[in-house]
Amino acid sequence: MDSVIESEEGLKVDSPNRADAETSNSKIHEEDEKELKTESDLKEEKKKTEKNKQEEDEKTKTVPFHKLFAFADSFDIILMILGTIGAVGNGLGFPIMTILFGDVIDVFGQNQNSSDVSDKIAKVALKFVYLGLGTLVAALLQVSGWMISGERQAGRIRSLYLQTILRQDIAFFDVETNTGEVVGRMSGDTVLIQDAMGEKVGKAIQLVSTFIGGFVIAFTEGWLLTLVMVSSIPLLVMSGAALAIVISKMASRGQTSYAKAAVVVEQTVGSIRTVASFTGEKQAISNYNKHLVSAYRAGVFEGASTGLGLGTLNIVIFCTYALAVWYGGKMILEKGYTGGQVLIIIFAVLTGSMSLGQASPCLSAFAAGQAAAYKMFEAIKRKPEIDASDTTGKVLDDIRGDIELNNVNFSYPARPEEQIFRGFSLSISSGSTVALVGQSGSGKSTVVSLIERFYDPQSGEVRIDGINLKEFQLKWIRSKIGLVSQEPVLFTSSIKENIAYGKENATVEEIRKATELANASKFIDKLPQGLDTMVGEHGTQLSGGQKQRIAVARAILKDPRILLLDEATSALDAESERIVQEALDRIMVNRTTVVVAHRLSTVRNADMIAVIHQGKIVEKGSHSELLRDPEGAYSQLIRLQEDTKQTEDSTDEQKLSMESMKRSSLRKSSLSRSLSKRSSSFSMFGFPAGIDTNNEAIPEKDIKVSTPIKEKKVSFFRVAALNKPEIPMLILGSIAAVLNGVILPIFGILISSVIKAFFKPPEQLKSDTRFWAIIFMLLGVASMVVFPAQTIFFSIAGCKLVQRIRSMCFEKVVRMEVGWFDETENSSGAIGARLSADAATVRGLVGDALAQTVQNLASVTAGLVIAFVASWQLAFIVLAMLPLIGLNGYIYMKFMVGFSADAKRMYEEASQVANDAVGSIRTVASFCAEEKVMKMYKKKCEGPMRTGIRQGIVSGIGFGVSFFVLFSSYAASFYAGARLVDDGKTTFDSVFRVFFALTMAAVAISQSSSLSPDSSKASNAAASIFAVIDRESKIDPSDESGRVLDNVKGDIELRHISFKYPSRPDVQIFQDLCLSIRAGKTIALVGESGSGKSTVIALLQRFYDPDSGQITLDGVEIKTLQLKWLRQQTGLVSQEPVLFNETIRANIAYGKGGDATETEIVSAAELSNAHGFISGLQQGYDTMVGERGVQLSGGQKQRVAIARAIVKDPKVLLLDEATSALDAESERVVQDALDRVMVNRTTVVVAHRLSTIKNADVIAVVKNGVIVEKGKHETLINIKDGVYASLVQLHLSAST
């Protein structure tokens, strides 16, 4: 093996003069690089500081409030105007009531000795009823108007955000965002924005109009007393403002730390097979919990500051009262005010200023909404440099398809310091086929990305038909270019819809025709739902070959002038490859075709082959021309491929390898890849999700069955039990809440005593008012202590609960068996939404709701006791009214519960659409599918939108009726009181004592019913979370029970295995499969695509359990072994390795649960031939690999993945197509690494390249779910008409 050339160093040749040339060149290069490096280092540092600064800013930046409504249409504006009118009217209800109230007091106070009090009161009572009717209408308008317009605008913001995200250039996704963040913003942040522009605005307007109304009335009744009371207003305003500022700062900080946790969820769930295989559950959990801690801190701090602010507000209010009572007494004596007038002024100022106090939840909602809107609106405003929605630019009748890259300099935006092309030029004449070959990372795929205009070169130009690509209308030119890439990205919808992405409004006929051309119609017709079969998230329900043919059909439907094939067949087995290649050959006719490949067989027939090396074209010509120069780069590539194989399969091998090479580099650039990678994350095995059958995906009807859509009701105690550790906090908080609750009724007693004092003789009036004033001040001090205590204790408990629920739920998710993630409702998008939004809502069920409930109970009890002591007859009469008020609150709660449930689930579906599209942004861009995605998204949002509107109307009715009932019961109580006074059953001060004690209790109740939307949302959220927490994982990696063998030999046996994937119970994968693998030997599984090869690997790792039969390791059934230990004995290397967005070091250490020593990491990297290229990177082992590893080439990723598998020193090695995606040189290096690590380990290889399989100790041929042949290569090849022999034939014919 002397000839192994380290792939990263380039093709070095032994001829002396070449070597000299290289050394001198390399010297020059080194100097260039030095200069570049110092510049780039400076830039890096600058970039870092800028980035930190940006992050700091982001924490606190907000949008001006009026900007939240930037996206309203005319109907919204009408709704908001109506809502505003309603809110103003509703807000004036209370100030007007104070006038009626003063009348009542004067009637009672001035007629203490006459007997016709009830007639005079009857007149006033009637006015109360009219006022009730007015507020009913106003409240209805207010709530419905604002709720509906808020729902509509939030929907529009979601769509606009998605739309702008979809039109961004690819660089934006490489550098600035990732799928987790986008979905998080769409599901979490829009809720906050909607909150800030919906009913909360109505409420704020209502409160402001109460404030203004109150003061206008007070000044008209008596300006002097009002002025004295107003002197305290600045204090109120200042404490209120300080409060709002602190809250908004904290809210945005909490969001930032939670967004980081969301990324952990997306990465883990998206790559669950890798996590399971490397028993990385603990690591993911601790990573997640780290981010939760900072979110918890921010939450508690927010609670504490709110409490202090509100406490301050309260003491100011009570001192104002004290002042008013004392000074009001003076006014009666000196200025001849009546008692009623003084009370109108006190009440009017009081309701006015209290209304400001109640505005704090609105303020905090506005602040949170403004902070959330900042990032979203920034994104919506961002103008991409390459804008898919830009309609300017040239549109020709058609293009010929001449492509020219002229003197192009390019580096990826995510890695500006690495120059990919320096002065690269290439021209391709129309109708010809050009193949690009070269090592992994040489820039082949970059050419494809530039032709698609995913990126623009930094200098130089890309021209089509002689016109600079930038001059064309982007959408139009992309519609002329068809891309088929190595890992095709399919969307979570039906096969038909996936193909239809190729062409707007394609007919079923056209789609059928495209499937026939792509050789896909056969397998599609076999599926129970045919074209309507769902493909699963990222197409996981189909095998690799099937997905690729659908992708080809999609490209055919588009009928492009220019066809870009990026490793289109490298990931397929011989049979599928031949079929797909045939389909491609048919459609390549008369089109300009650019093929990136590393299997030379694919490129042989190209009109021109260009060999790219380190971003330059080193040779070009046809296959035969290039072979004439035996020292040329192309000849070397071929020789490399042939070195290790016998000619018979060399070509095919070559073919692959080159292809794959190409692929990899493409990948580098490509998020698409990264995207598509995602799919493979799901499908860690060569075939997606290990589901490689030729059969169909989950039939729709099954999905319905599998999701119990009706989530069980969760009892309040169940959630409360989770808060157990905080019981001391909750008890202290509850004590504070009880005290807080009693303050209002006591306040009622004070008022009635003051009323009585106002009608006493002058001397007594003077001393009484002074006494009560002091009592008011004491009450204020009490409130100042009790209020902050309540909020602090409850927010500690609440934030701990949210943290605990998120953590528990995530822990549970990570422990689910892999099959659970195959279900659509458990996709990474849906789980992310559950963890972020639902966990936060549950808090409303315990902490906050509990505080409110305890406080209300205390108010009610205190109120009742006071009332019954004062006058039991009147107390009964007033009490009879209270159930009406209570009933109204209850009806309102019920309505709210019915609605919020379905809306939540429907938005989850919509967020899945977004997740898919952003995850597959390259595919969306190349098929100009932005509008299509938007249509799908909007369609999914229609249902929740209608629900939201219904909710608005019903809430409005409930809200309005409650006011009407309230005012009518006032009228009734006063009239009843007047009759009792007439009859001498009670005195006038007792009437007021009963009245105030009970109304203050009622105020407490109505405040709690305002919580209802939150509590109903919370119980639905709790149900969705407990559905996860309660589900027992069928195969639980955290289960410590089970045997652990002291010494593993590595004998594996599968006996009579039958198996179906849980997500597709009607497709039998294995029927009675038997296979035994001896310790230390290598067994290769071969068979057609979809025969079940990768399924064997999934079963050996216990991702799934067989339906019947057993699998044993060293004679022990694996179900009886401890799962975590079992998985630590197996090392998996799959075709598309999933790397996490961490450093290379962290990715390798992941194999050992993150605690590998530096020496272990380096030696694993050396064994896997990765140490060389890693040391060559600027940051070495500390290089970040990017989301899904996009910053490394295919060969590099694969070697890191092998190092990761080796670091755990497994007894059993599972290689699932480990080298199929690599070019010749990388493959050689990787294969060499694999040969080293396979020694003394039991190895199971799934492969379709013969060279990889030939030397296996046993080859097993899988067909129709059983093993049909097994033996050594030499034996099997000689079976006449044997399955293996015919597969080999296929291979050879495919490769010639």
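In case you wondered, yes, glycine gets a Cβ from its N, Cα and C as well.
Feature annotations, courtesy of Swiss-Prot:
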| type | residues | note |
| --- | --- | --- |
| BINDING | GLY438, GLN439, SER440, GLY441, SER442, GLY443, LYS444, SER445 | ATP 1 binding site |
| BINDING | GLY1087, GLU1088, SER1089, GLY1090, SER1091, GLY1092, LYS1093, SER1094 | ATP 2 binding site |
| COMPBIAS | 9-59 | compositional bias 'Basic and acidic residues' |
| COMPBIAS | 640-662 | compositional bias 'Basic and acidic residues' |
| DOMAIN | 80-368 | domain 'ABC transmembrane type-1 1' |
| DOMAIN | 403-639 | domain 'ABC transporter 1' |
| DOMAIN | 730-1017 | domain 'ABC transmembrane type-1 2' |
| DOMAIN | 1052-1289 | domain 'ABC transporter 2' |
| CARBOHYD | ASN113 | N-linked glycosylation site |
| CARBOHYD | ASN409 | N-linked glycosylation site |
| CARBOHYD | ASN505 | N-linked glycosylation site |
| CARBOHYD | ASN519 | N-linked glycosylation site |
| CARBOHYD | ASN590 | N-linked glycosylation site |
| CARBOHYD | ASN826 | N-linked glycosylation site |
| CARBOHYD | ASN1141 | N-linked glycosylation site |
| CARBOHYD | ASN1240 | N-linked glycosylation site |
| MOD_RES | SER657 | phosphoserine |
| MOD_RES | SER660 | phosphoserine |
| REGION | 1-59 | region 'Disordered' |
| REGION | 640-672 | region 'Disordered' |
| TRANSMEM | 77-97 | transmembrane segment |
| TRANSMEM | 128-148 | transmembrane segment |
| TRANSMEM | 205-225 | transmembrane segment |
| TRANSMEM | 227-247 | transmembrane segment |
| TRANSMEM | 307-327 | transmembrane segment |
| TRANSMEM | 336-356 | transmembrane segment |
| TRANSMEM | 731-751 | transmembrane segment |
| TRANSMEM | 774-794 | transmembrane segment |
| TRANSMEM | 865-885 | transmembrane segment |
| TRANSMEM | 952-972 | transmembrane segment |
| TRANSMEM | 986-1006 | transmembrane segment |
Could you tell me what the rest of the chain brings near the transmembrane segment (865-885), counting residues at least six beyond its ends with Cβ under 8 Å? 745, 748-749, 962, 965-966, 968-969, 972-973, 976-977, 980, 985-986, 990-991, 993-995, 997-998, 1001-1002, 1005-1006
Of the recorded positions ASN409, GLY443, ASN590, the one whose Cα sits nearest to the Cα of GLY1092 (ATP 2 binding site) is GLY443
Distance, GLU1088 (ATP 2 binding site) to SER440 (ATP 1 binding site) (CA atoms, angstrom): 27
Do any residues of this chain, six or more beyond the ends of the transmembrane segment (227-247), have a C-beta under 8 angstroms from a C-beta of it, and if so which? 215, 218, 302, 305-306, 309-310, 312-313, 316-317, 319-320, 323-324, 327, 345-346, 349, 353, 356-357, 359-360, 363-364, 366-368
Across 77-97, 128-148, 307-327, 774-794, 952-972, the most C-beta pairs under 8 Å with the transmembrane segment (336-356) come from 307-327
Measuring CA to CA, name the entry from the recorded positions GLY441, ASN505, ASN590 that ends up nearest ASN519 (N-linked glycosylation site). ASN590
Stretch in 77-97, 128-148, 307-327, 731-751, 774-794 most in contact with the transmembrane segment (952-972), if contact is a CB pair under 8 A: 128-148
Quick check for me: are there 3+ Cβ pairs below 8 Å between the transmembrane segment (307-327) and the transmembrane segment (774-794), leaving out pairs under 6 residues apart? yes
Three-class DSSP assignment, LYS444 (ATP 1 binding site), comes back as helix
Cβ under 8 Å to the transmembrane segment (77-97), counting only same-chain residues 6 or more beyond its ends: which ones? 69, 128, 131, 134-135, 137-146, 148-149, 152, 201-203, 205-211, 213-214, 216-217, 348, 351-352, 355, 963, 967, 970
Between SER1089 (ATP 2 binding site) and ASN113 (N-linked glycosylation site), what is the CA-CA distance rounded to a whole number of Å? 101
By a simple count, how many Cβ atoms lie within 10 Å of the Cβ of ASN519 (N-linked glycosylation site), its own Cβ left out? 21
If I take the alpha carbons of GLY1090 (ATP 2 binding site) and ASN113 (N-linked glycosylation site), what is the distance between them in whole Å? 99
Which of the glycosylation sites ASN505, ASN590, ASN1141 has its Cα closest in space to the Cα of GLY443 (ATP 1 binding site)? ASN1141
